[in-house]
Number of protein chains: 2
Amino acid sequence: MAQDDHQDEDLMLADNPAEEEVRPDDRIDDERLDEENTLKADYVRSVRDALEAGDKGAVYDLVEPLHPADIADLVELCDADERVELAAAITDLMSSDVIAELNDYVREDMMEALPAEAVAQIAEQLETDDAVQMIEDLDVADQQAVLAELDDEDRAAIESALAYPEETAGRLMSREVVAVPEHMTVGSLIDFLRENVDLANDFYEIFAVDHLHHPVGTCQLSWILRTPRNIALSDVMKRDQTLIPVALDQEEVALMFQKYALISAAVVDESGRLVGQMTVDDVVHIISEEASEDALLMSGAGEGDINEPIRDAYGSRVRWLIANLGTALLASAIIWYFGAAIEKLVALAVLMPIVASIGGNAGTQTMAVSIRAIAMNQLTEANTGRILWREMRVALLNGVTIAVLIGIATALIFTPMLGAVIALAMVINIVVAGFAGVMVPVMFERLDQDPAVASSVFVTMITDSMGFFAFLGLAVAAGLAG
Amino acid sequence: MAQDDHQDEDLMLADNPAEEEVRPDDRIDDERLDEENTLKADYVRSVRDALEAGDKGAVYDLVEPLHPADIADLVELCDADERVELAAAITDLMSSDVIAELNDYVREDMMEALPAEAVAQIAEQLETDDAVQMIEDLDVADQQAVLAELDDEDRAAIESALAYPEETAGRLMSREVVAVPEHMTVGSLIDFLRENVDLANDFYEIFAVDHLHHPVGTCQLSWILRTPRNIALSDVMKRDQTLIPVALDQEEVALMFQKYALISAAVVDESGRLVGQMTVDDVVHIISEEASEDALLMSGAGEGDINEPIRDAYGSRVRWLIANLGTALLASAIIWYFGAAIEKLVALAVLMPIVASIGGNAGTQTMAVSIRAIAMNQLTEANTGRILWREMRVALLNGVTIAVLIGIATALIFTPMLGAVIALAMVINIVVAGFAGVMVPVMFERLDQDPAVASSVFVTMITDSMGFFAFLGLAVAAGLAG
């Protein structure tokens, strides 16, 4: 994003290089950024102090040297009320690049605080995909108000993007593509690129299309730069390219980029016509989001964004806690059933949470491994049997190890028989946990449900119940509480 | 990877386009790939059947149309003993591209099965960074044997990469960079690129350097293609570029690529000289690995790779289970302390796991959110206070909700007093869980430890102990078991 603007400037100033600003290395900047490239707390403190003192000039001078991505970080680090003041103090630094880099929630907040014309003005500066991202979360009335302020071309582009479902290639793609006929020579292609000032500034591939606008090949810019002018594009391009259907879900798009190591790829509509492209810089965010969301989904933390409104965070998390309350009640019912035994031998109450808790941990381990393997397309119908068998062996090894440790400790502190009971219960529960840790996510995947969302509740339910049942049941069977 | 080869071929065959193979769209291939771009179980089954029948010709015909990334997937989906047979049946399809795409463990296994010359032969076809990845996991003797087989230039490049610590930019960067003086014109740059056949095929940026080989600017290929021949590079390039220190950890490299939306970036040594570049296609794997490993680390599943040898998986997971056994024993000690109360009122044993379990869930939720925010550089010293306060409010809302539900149920089934006790214990434990869920990861981060690795054990220890202690302690204090 930042590059576009700068590049624009450079092209404009091409005959006056002296005006160019020289900032040799403002990324590794000891005053403001620490060694992890994060804004330093002291620096943020000084900006906030200047804000509080109402010294807009000082705020501006402090913020001015920052990269747009760092300005976005700074806005996020401020409290909600400080953000508005900050934006007011640095209006001309709040460029479209900063807006595009902002966290979704923070951006939505700020957009809602601005009048429709101001939002439209920002949207016009953004590339279509960034503008769509900015507008899609506004409520319908605000969205209409913003769209009404846009010029016809921008409005048409954004409306056509909004016509596709959220999180599909059609929503996310950029509509600016360099597409030329395959018989064009490298020389005339370069001339075409030099003459057409309207083209996008940053692109990484040229797409060759036939007369129906169907892509027939793709050509990296480096190949073009290394080829003599008289050679035709058809002799340099690669014909078997990865095409992205316009309706493809963003998660699948991200997996394709990863799998085939793509920099950009053509997006085609239902009839195979080239309608846009996706570039890796847009996909990188999706890859990281999709990859990191499993930890959040498994813990039931919803979006898990620290900028999410408290009400939303509460809503998504409490639902999960209530589901887990249900599974905890089931476990309690099992304990209740064995209440008489516990009354006779209180050691059972002391030891029973150990069996349930370690089983739960073992189940979570296997489940995390399975969910990741499913997400990476490494665990499929073709190898479920082998992976299950592998996990059962790991579970047996884990179960025996933990059983020996807790069995000996229990035998020494309580009785050898109780030691034997807890050891056996532990092996049973860890093996059951291993089985559930693979099969529960696999089953959700087969049912076309996201395994990361629902597996945890079921696996915990199984390991908790089985933990109490195996331990208390074996104890009673062994006559320990007779 | 696949693109390189194809491109090479095209350049060679430029005067004979008829020889070019036309595969219009082998990615969306209904026979072999399902709608998620994964190999179909039926297809994998048929390959394995042909392998079992010893019909190498049939195996070859089945595999031949696949993309190298899909061949790598197919190898991974086979059992360990089938992999060797498969590789033998399709030797000339097992290209360097396939090897580069293989899972680390699977590749290591296969490399160890091959003689050193064969490994060296593959390494020579790979780009330096892929060759390094292939060789770095071999034991030292095998590594030396392979290096000895390489020609001097390749050996020097790989040895210099191996001299940098694992997971740093120096290990991962590619050494092939197009670096030219900034006063060069666009025209002579293009001529230079056309004449130098030794250059890498795929690159996305040109780096301008001074006489000390320090980078002074960077230029995307699209900018060059759109600029007249007589303009100097210095007038098109962007001067403030993101430089990556050669010793930077891969996680930080990945964050820089994400933050500044980079396609490629220059890597510089301690004295600021340009020594290589990193491109986004290499970083994408790191981003996805780093982002998805938190779920595994939090569950204590180690690498969590389904291709990891069972012994390694056992080793990393059992260590974690033993740590959790320790925390479970602490919780048991607390229950033991209240043993007399439980003997008098067995309902305490029935209800106590609920308080511990829901507290554990709430703690895991907050912890997952905090760990992600820390990883994304969104939770820093500058806003820890605000985020802690935010999480405490969410915890209070969650705590009160769950407390009301379980309190009423307990009052109805047991006694109102027991309902009040469990409700209060629940609020206390969920609020403590919220506090620990933020502060434990933050503390580990301050101590320069990965918060995802160790936080879970501590948070669980706190919520388990506090759950039993608050509930049983309050029950005794309320005279319920007197």
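Here, residue 1 is simply the first one shown, and the rest follow in order.
Cβ coordinates come from backbone N, Cα and C, glycine included.
TrEMBL lists A:1-19 with the feature compositional bias 'Acidic residues'.
Per TrEMBL, the feature compositional bias 'Basic and acidic residues' maps to A:20-36.
Under the heading domain 'CBS', TrEMBL lists A:237-293.
Summarising the annotation, TrEMBL assigns region 'Disordered' to A:1-36.
Panel annotation: around the transmembrane segment (A:320-339), residues 300-302, 348, 352, 356, 457, 460-461, 464-465, 467-469, 472-473, 475-476 of the same chain, lying at least six beyond its termini, place a Cβ under 8 Å from a Cβ of the stretch. Summarising the annotation, TrEMBL assigns transmembrane segment to A:320-339 (among others).
According to TrEMBL, the transmembrane segment annotation covers A:345-374 (among others).
For A:395-414 (among others), the entry in TrEMBL reads transmembrane segment.
Taken from TrEMBL, the feature transmembrane segment covers A:420-444 (among others). Sequence-distant contacts of the transmembrane segment (A:420-444) (same chain, six or more residues past either end, CB-CB distance under 8 Å): 351, 354-356, 358-360, 362-367, 369-371, 374, 379, 384, 387-388, 391-392, 394-396, 398-400, 402-404, 406-407, 410-411, 450-455, 458-459, 462-463, 466-467, 470-471, 474-475, 478, 480.
For the transmembrane segment (A:456-481), the list of distant contacts is 298-300, 320, 323-324, 327-328, 330-331, 334-335, 337-338, 340-342, 344-345, 348, 351-352, 355-360, 362-364, 367, 415, 417-418, 420-422, 424-425, 428-429, 432-433, 436-437, 440: same-chain residues at least six beyond its ends, Cβ to Cβ under 8 Å. What TrEMBL records for A:456-481 (among others) is transmembrane segment.
Broken down with DSSP, the domain 'CBS' (A:237-293) shows 24 helix, 16 strand, 17 coil. Within its own chain, the transmembrane segment (A:345-374) is flanked in space by residues 294, 298, 331, 335, 338, 387, 391, 394-395, 398-399, 402, 406, 410, 414, 418, 422, 425-426, 429-430, 432-434, 436-438, 440-442, 445, 451-452, 455-456, 459-460, 462-464, 466-468, 470-472, 475, 480-481, which lie at least six positions past its ends and keep a Cβ under 8 Å from the stretch.
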